[in-house]
Amino acid sequence: MNKMALASFMKGRTVIGTPDEETMDIELPKKYHEMVGVIFSDTFSYRLKFNWGYRIPVIKEHSEYTEHCWAMHGEIFCYLAKYWLKGFVAFQAAINAAIIEVTTNHSVMEELTSVIGINMKIPPFISKGEIMNEWFHFTCLVSFSSFIYFASLNVARERGKFKKLMTVMGLRESAFWLSWGLTYICFIFIMSIFMALVITSIPIVFHTGFMVIFTLYSLYGLSLIALAFLMSVLIRKPMLAGLAGFLFTVFWGCLGFTVLYRQLPLSLGWVLSLLSPFAFTAGMAQITHLDNYLSGVIFPDPSGDSYKMIATFFILAFDTLFYLIFTLYFERVLPDKDGHGDSPLFFLKSSFWSKHQNTHHEIFENEINPEHSSDDSFEPVSPEFHGKEAIRIRNVIKEYNGKTGKVEALQGIFFDIYEGQITAILGHNGAGKSTLLNILSGLSVSTEGSATIYNTQLSEITDMEEIRKNIGFCPQFNFQFDFLTVRENLRVFAKIKGIQPKEVEQEVKRIIMELDMQSIQDIIAKKLSGGQKRKLTLGIAILGDPQVLLLDEPTAGLDPFSRHRVWSLLKEHKVDRLILFSTQFMDEADILADRKVFLSNGKLKCAGSSLFLKRKWGIGYHLSLHRNEMCDTEKITSLIKQHIPDAKLTTESEEKLVYSLPLEKTNKFPDLYSDLDKCSDQGIRNYAVSVTSLNEVFLNLEGKSAIDEPDFDIGKQEKIHVTRNTGDESEMEQVLCSLPETRKAVSSAALWRRQIYAVATLRFLKLRRERRALLCLLLVLGIAFIPIILEKIMYKVTRETHCWEFSPSMYFLSLEQIPKTPLTSLLIVNNTGSNIEDLVHSLKCQDIVLEIDDFRNRNGSDDPSYNGAIIVSGDQKDYRFSVACNTKKLNCFPVLMGIVSNALMGIFNFTELIQMESTSFSRDDIVLDLGFIDGSIFLLLITNCVSPFIGMSSISDYKKNVQSQLWISGLWPSAYWCGQALVDIPLYFLILFSIHLIYYFIFLGFQLSWELMFVLVVCIIGCAVSLIFLTYVLSFIFRKWRKNNGFWSFGFFIILICVSTIMVSTQYEKLNLILCMIFIPSFTLLGYVMLLIQLDFMRNLDSLDNRINEVNKTILLTTLIPYLQSVIFLFVIRCLEMKYGNEIMNKDPVFRISPRSRETHPNPEEPEEEDEDVQAERVQAANALTAPNLEEEPVITASCLHKEYYETKKSCFSTRKKKIAIRNVSFCVKKGEVLGLLGHNGAGKSTSIKMITGCTKPTAGVVVLQGSRASVRQQHDNSLKFLGYCPQENSLWPKLTMKEHLELYAAVKGLGKEDAALSISRLVEALKLQEQLKAPVKTLSEGIKRKLCFVLSILGNPSVVLLDEPFTGMDPEGQQQMWQILQATVKNKERGTLLTTHYMSEAEAVCDRMAMMVSGTLRCIGSIQHLKNKFGRDYLLEIKMKEPTQVEALHTEILKLFPQAAWQERYSSLMAYKLPVEDVHPLSRAFFKLEAMKQTFNLEEYSLSQATLEQVFLELCKEQELGNVDDKIDTTVEWKLLPQEDP
C-alpha cells in the first residue's frame, strides 16, 4: 500500500490499516463519509470496496433494453465512464502497479497510470433518461388498471345479481358475455386511440407509428376484458374480483420491468407472456428500445426487429382467447351458490358436441306416488284433467350445506300440476315453496329426483334451453334494472325473451295497460315504491304471454286494489296455460287457485280444492252470537244442538258465544236462523256466521290453534269485539305483563354509561364481522408497505453488496471457445510502428482470443462490433496504452485495465495473474443518506389517512335507518358517538403506534429517550382521537353520500402530499410547520415526526443545547395540538346533532341537547266536504291540544298534519312541482286502543307515522305524545323516554344475530342485565324464535326479520307503539302469534298503538278502530262495526260452481230470487253479487232460497255475509285511482324536502 500511496492521485489521501474486514465495515464508515477499502486475499488477489454509487455505476450489467448513454447540454455521458471519471480505474492501476513492482522489482506505475480510456463509437440514440423511461412504462401499464378494476367489479356484480335470472328468462350464455364485451370494447378502442395519440404526439416515441401503438393497446385492452371476465367467474365477491384484477395487472405488469434489466431466458419469457400485463410491458419495452436507436417499429419490415412486435401482438391475442376459454370453462365447472356445477371433463361428453334431441320422458298413468294414490289427504283430480299433466315432479330432493350439516329443503316431493288450472303452493316460512319454484324455473337444481315440464326433462341443459322459451318466472324478490324506466325495463326483457322486434312495443304497452302502470311507465325503477316494483317484476314475468307461469309471492306488498287486478289478469290467462304461484295469504289462494298444495318442512302434506281442504281440516262454519247479561248459555247451546247435534261451543266470553257447525249441515241453517230470530228475549242481540278459512286449515295442518277469524255479521249490528282463543291470549298476557318495567329503571348517568357500553359492543361486533372493511384496511396498509418492499428489492438488485470479478471471460472469447454472442475477440491495435510479439504472447497467456491489426487500418474505437480494444503505442521498452470500450459493456474498463496489468507482468516472465474484484459497503446509515427513508415516509402518509376506513360506519347506520331507530328507542347522540369512539380510537391508536414503532426503530434506527417516547405516545393518542372525531364530522356532513372510505382516504393523502411538498420547499420553517399541524389534522402527527427527525439530526451533529431545547419545547407544545382539535371536533359534532340530527326523545346529559320544539305552521288548506266522523275526530284532536283538563288524555294526538314535497327536477330547465303527501289529517289514539291506518300504496300511511316519530318534519300541524301540551320534543323527566317503532323497512344490522339486536336495544332502553335477559327470553319464547336466536340476521327469512323488528318495538314496555306494516311477509302462524302479542300489549290501558296495513284481515283481527286514507286525506274513521254499518249495509253473496257452463242459468235464477242483485265480479267458477239489505231480510228466508238453489244447480258452496271492509276499501282505492291528477300522490318520484326542513 505504501507503493500505491506514491501515485499522484493519492496526494492528500490517508491510508489506514485495519485488522480485519469486519472492523472496516463497521467502524470506518461512521467516521469517514467517502472511503475506499482494499482487502487482499493473497499477493495477487484483492477486492476493492466503495461506498455505493461513489466510484462505481449504480446498476449492474445492462440488458439491451436499458439506455447506456444520455445526452445533456450537448454532451454525451455513458454509464461505464464512471469507472474512469470517478477514479475506480486509477485505484486499480495504482494497486496493480504496486503488486507488479513488489513482485518483479520493475516499476510500471507510469505505464498504468497513463492509460487512456476511450468510448467506442456510439450509435445514434434518443436520450430520455432511465427514470423517465421507467415512469413512461409504468404510466402505460396503469392506464388500463382502473379499467380492469371496474370491469371486474361490474361484471361480477351483474353476474351474481342478474345473470342467473336472465338465463331463466331465456338469455343465452354467449349473449351475456358478448354484451359486456362489446360494451367494454368500445371503451377500449376509444382509450387506445387516445393513448396512441398522446404517446405519438409528445416526445416519448418518435419513430414508431400510430397504428403500432394503437394495435398494442387494443390487444392489451381486449386481453384485460377477458381477464376481467375470468376474475368475475373465479371470485364471486364483486369488490374482491375488482381488487384481484387490479393487483394482478399491476403486479405482473411491474414484473415486466425485469426485461429492462435482465435478458430473460426465451422459454421463461414465453411462459410469463401468458400473463398479458407482462407481455404488454415487454412490448412497450421493445418499442422504446427500437425507438431509442432511431429504428422504431415499422411494418412491413421483415429484415428488422419488427417480428418481435408481431410476436407480442400474437401472444396478446392468444392471451385474450386463453382467458375467454378459461372463463367459459370455469363458468360451467365451478359450483354455484347451490353447489351445482358440471363435471370438469364435461367437454368430453358427446352431448356437449352434438345437440341431439333427447328422448322425451314418457309418463304413464301408473307412474304416480303410491303414497298419494292411497292417501285421503290428496284430492283425486277430476277426469277432465287426466292427460293434461303439464308439470310432473317425482321424488324431488333438495339439500343445502348448512353450518351443522346438510339441510333438506325438499324431502321427496311427488305431485302433478295440470294445464288449465291455477295451482297455489302454500306453507309456512321455510317450507320449501321458493326452493321448489326455483327448481322448476331452472334457477336451482335438485339434488335428487326429476321434474318435467310438458314431458321435457329439467335436468338436461339442451332441454332446459327449450323450456325457458315458454316459462315466465317471477322470483320472490323484485328484479329490475334500477337505472332504467319501467318501459325500458320491459323493453329490455322483451328482447331477452326473444320477442320479435316488431312486436316489442306492442307487448310492452299491453303489459303496462294490464297492470295499470301508465302513471309510472317513464319513471326510473330505483324511485318506485315496493308495490310498484313488484308490479314491474310480475310484468317482466308475463312478457310474451308464456305458456308456463311460475310466480313466487307475486302480490306481496301490493294494495288490495292492485292485488285484485292481478287476480283478474291471472284468471284471464289460465286457459291452456299452467300457472303455479306461492303465497302467504290464504284468502288469495282461496279465491285465485283452483288447487292448493300444502308443504311443511320440505314435505308434501296435502293437495286439493278449497272445499276439499276445508272439509278435511276445517272446523266448518263459525256461528257467533253477541249476547247481553240475560243470555243463558246452556239454553242457547241446547237450542242449536236441536237443529245441529254436532255443533260445538268453541269460545265463550261475557259478550260473545262462538259455535262451530259442520259444513255438511248447511241444509239445517234456515230453520236454525229462524229460531234464532225469535231469541231476542233470551239475551241474543245479534248473530253472525262465517265459513272456515284456509288460515284455519293451515293452522290445523301445522297443529296450531287459530285465532277466530273476524266474523261477518248478518243480524242486527252493534259494536263487536272479536274474540280470540282465551287460553292462548291469557297465557300471552301473563308473559307480557310480567315483563320488567323499564321506563324509570335507571338514572340519566347510569343509562348513559349503559348506552355507551351497548354502542361500543355493537361497534366491536360490526368491526369483527365486517371482513370486507377489515380487508380494505389491511389492503391499504399493505399498499403502504409496497414502496418499502420495492426499495428493498431494488436495493437487493442494484445496491446490495455484490462481489464482481473483473475477468476477461466477461466479454472476450477464450482460446478453445466456440464463438458465441455476446462474447467477441479482443482487438489489439498496434500503433508502435514495430513488432509487439512479447506483448501479444503475454496477452495470449491470459487465454484470450486476439485479433491484431495495425493502427493505419483502424483506430480501435470506430468499430462497436467488438466489446473492447487495446491500442498500443510507444516502443518495446516503454509501452503506452489506450483502452476502448463498447458503451454497452458496463465493466469493460476495469477488465481491460486488468488485462493490460497482467500483460505487463507477463513481459517480465511472471505467469501469475492479478485478480481483482469489486464490492460495496453495506451500512445501515447509508439508507438515510440515499433516500431509503422515502418509502417509510410514504408508509406514515398512508397510515395517517386510513381513519375513514375505521370511523365511517355511521354512514351505513344512517342509510339503513338504524340510527334514527336507535334515537327513537331513546339513545342519546353523545352515547352513540362516544360508544363508537371507544372502539375506533383504540384500534386506530394501535395501528398508528405499531407503524411508528416500525418506522422509528427499524427504518430510522435512532433511539428515542424515554421522555420523548412518552410524549410520542401521548401525541399518537391525541392524533388518533382527533382524526377519528374529524372522520365522524365528515361522515355526519356527508351522510347522504355513498360510504366511500377510499375517496376520503385518498383526499387526506393528496392534502398530506401537498403540505409535505410545501414543507420541503420552505425547509420546514417552524411557523409554517406549526400552522399546518394546527389547521390540517392529518398532518399533525407527520409534523411531529419531522420535529423528532430534526432533533435527532441536531444531536448527531452536536448542535448547541439552546437549539435542542428550543426544538424540545416545540415538540411539547405541538403535543397539545391534537387534543385541542379533538375538543373542537367533538363540539362540532354536538352542534351538527343539535341543528341537523335526528329528533331525540329527551335531554342528552353530555351534549346538553334538549328535545327541539316544533314550529307549528298554520295549515294552508281548509278541509272540504269531510265525513262527519273525520270531522268529529278533528275536533277531538283540537280539544286534546287546547283543553286544560281532560278526563283521559290520548296517547297520540295528531292535529291538522300536512306534508308537502318537491319533486326532483327532470332537467336543468324544468321547475320542481310540489306534491302533497298528507293533507289536513287529524286523529287521536286513546289509551288501551289500537288504531289502524289503511290505504292504497302512496296514500300517506308511512309518512304519517314518520311525522309522529320525528323522522319527517310536517309542513304544518302538530303531534303530541303521552298527553304533553307541547310537542313530543318537550317532554319532562316523568314522561316517555322512548317510542316503540317498527318501521316498514327492516332496520337491522345484517351480520349481527337476533340475540345481539335484542340485547343492544334492551340496554339502549335502560334494561338491566337480568331484566333484559328475562324480557328477551319471554318474548322469544312467545314468538317461537329460539332456533333463530343466534343466527345472523342476513340468514333469516323476511317473516322472522319482521318478528324481530316487532319484538324490538315492544321491548321495554313502551307506552306508545307505532307499527308500519309489521306483518308483511309472514305466514299465518307467525301472524297469529304477533296478533296475540299485540292484543295482549294493549290490555295495559296506559298503552296505545298506531298500526298501518294493506290487509283488512289484519286490521279486523287486532284494531279497535280503523282510519282509511286516500290520496293523503282521511276519508273515514271509526270502529270496525261502525264502518261496517256505515259503508257495508249491502250483503255479499259468493257462489262457487262445480260446472262453469251453468253461469247464465244461475245468473237468471239469482235475479229471480234477489231482484236488486248486482253482479260484482267473476273468477271462473266463482260468482259474486252485491245484495241490498231489503232483498236479504229475513235471513232465514234468504238461506232457504240459497239452499234450494244449491240443490238445483249442484253448487259447490256459497256464502252470504255483510259486505266486508275489503269491498269498502276497494271502492275508496278506486277513488284514488280516478281522482284529481294534480292531487294524486306519486310515490315513484324521489321527493326532496322543502329547504327549511332538512340540511
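Any Cβ shown, glycine's included, is placed from N, Cα and C.
These features come from Swiss-Prot:
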type: BINDING; residues: Gly427, His428, Asn429, Gly430, Ala431, Gly432, Lys433, Ser434; note: ATP 1 binding site
type: BINDING; residues: Gly1239, His1240, Asn1241, Gly1242, Ala1243, Gly1244, Lys1245, Ser1246; note: ATP 2 binding site
type: COMPBIAS; residues: 1153-1164; note: compositional bias 'Basic and acidic residues'
type: COMPBIAS; residues: 1165-1174; note: compositional bias 'Acidic residues'
type: DOMAIN; residues: 1206-1440; note: domain 'ABC transporter 2'
type: REGION; residues: 1153-1177; note: region 'Disordered'
type: TRANSMEM; residues: 83-103; note: transmembrane segment
type: TRANSMEM; residues: 135-155; note: transmembrane segment
type: TRANSMEM; residues: 210-230; note: transmembrane segment
type: TRANSMEM; residues: 240-260; note: transmembrane segment
type: TRANSMEM; residues: 264-284; note: transmembrane segment
type: TRANSMEM; residues: 310-330; note: transmembrane segment
type: TRANSMEM; residues: 774-794; note: transmembrane segment
type: TRANSMEM; residues: 890-910; note: transmembrane segment
type: TRANSMEM; residues: 926-946; note: transmembrane segment
type: TRANSMEM; residues: 985-1005; note: transmembrane segment
type: TRANSMEM; residues: 1073-1093; note: transmembrane segment
type: TRANSMEM; residues: 1113-1133; note: transmembrane segment
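Listed in sequence order, Lys433, Ser582, Phe598, Leu599, Ser600, Lys605, Asp1371 are the same-chain residues six or more apart from Gly427 (ATP 1 binding site) with CB atoms under 8 A from its CB. In this chain, the transmembrane segment (210-230) lies close to the transmembrane segment (310-330): three or more C-beta pairs between them fall below 8 angstroms, excluding pairs fewer than 6 positions apart. Ranked by number of Cβ pairs under 8 Å to the transmembrane segment (1113-1133), the listed stretches 83-103, 135-155, 264-284, 890-910, 1073-1093 are led by 1073-1093. Other residues of the chain with a Cβ within 8 Å of the Cβ centroid of Gly427, His428, Asn429, Gly430, Ala431, Gly432, Lys433, Ser434, the ATP 1 site, are Thr435, Leu599, Asp1371. The Cβ of Gly432 (ATP 1 binding site) lies under 8 Å from the Cβ of Lys398, Ala409, Leu410, Ile413, Leu599, Asn601, Gly602, each on the same chain and at least six residues away in sequence.
Taken residue by residue, the compositional bias 'Acidic residues' (1165-1174) breaks down under DSSP into 3 helix, 0 strand, 7 coil.
Fewest other C-beta atoms within 10 angstroms, among the binding-site residues Gly430, Gly1239, Gly1242, Gly1244, are seen around Gly430.
Over the domain 'ABC transporter 2' (1206-1440), the average per-residue pLDDT in this prediction is 81.
The Cβ of Ala431 (ATP 1 binding site) lies under 8 Å from the Cβ of Leu599, Ser600, Asn601, Gly602, each of these being in the same chain and 6 or more residues away along the sequence.
The local packing around Lys1245 (ATP 2 binding site), expressed as other Cβ atoms within 10 Å of its Cβ over all shown chains, amounts to 27. Sequence-distant neighbours of Asn429 (ATP 1 binding site) (same chain, 6+ apart, CB under 8 A from its CB) are Gln584, Ser1341, Glu1342, Gly1343, Ile1344, Met1370, Asp1371, Gly1374.
Of all the binding-site residues in the record (His428, Gly430, Ser434), the one with the smallest CA separation from Gly1239 (ATP 2 binding site) is His428. The binding-site residues examined here are His428, His1240; by Cβ neighbour count within 10 Å, the least packed of them is His428. Sequence-distant contacts of Ser1246 (ATP 2 binding site), defined by Cβ-Cβ distance under 8 angstroms and a gap of at least six in the same chain, are Gln1288, Asp1364, Glu1365, Thr1396.
Close to Ser434 (ATP 1 binding site) in the fold, though at least 6 residues off in sequence, lie Gln476, Asp552, Ser582, each with a CB less than 8 Å from its CB. Here the C-alpha separation of His428 (ATP 1 binding site) and Asn1241 (ATP 2 binding site) works out to 26 Å. For the binding-site residues listed here (Asn1241, Ala1243), the lowest count of other CB atoms within 10 A around the CB belongs to Asn1241. In the three-state DSSP assignment, the secondary structure recorded for Gly1239 (ATP 2 binding site) is strand.
For Lys433 (ATP 1 binding site), other Cβ atoms within 10 Å of its Cβ number 27. Across the structure, Gly1244 (ATP 2 binding site) and Gly430 (ATP 1 binding site) are spaced 33 Å apart at their Cα atoms.
Cα of His1240 (ATP 2 binding site) to Cα of Gly430 (ATP 1 binding site): a distance of 29 Å. A gap of 28 Å separates the Cα atoms of Asn1241 (ATP 2 binding site) and Gly430 (ATP 1 binding site).
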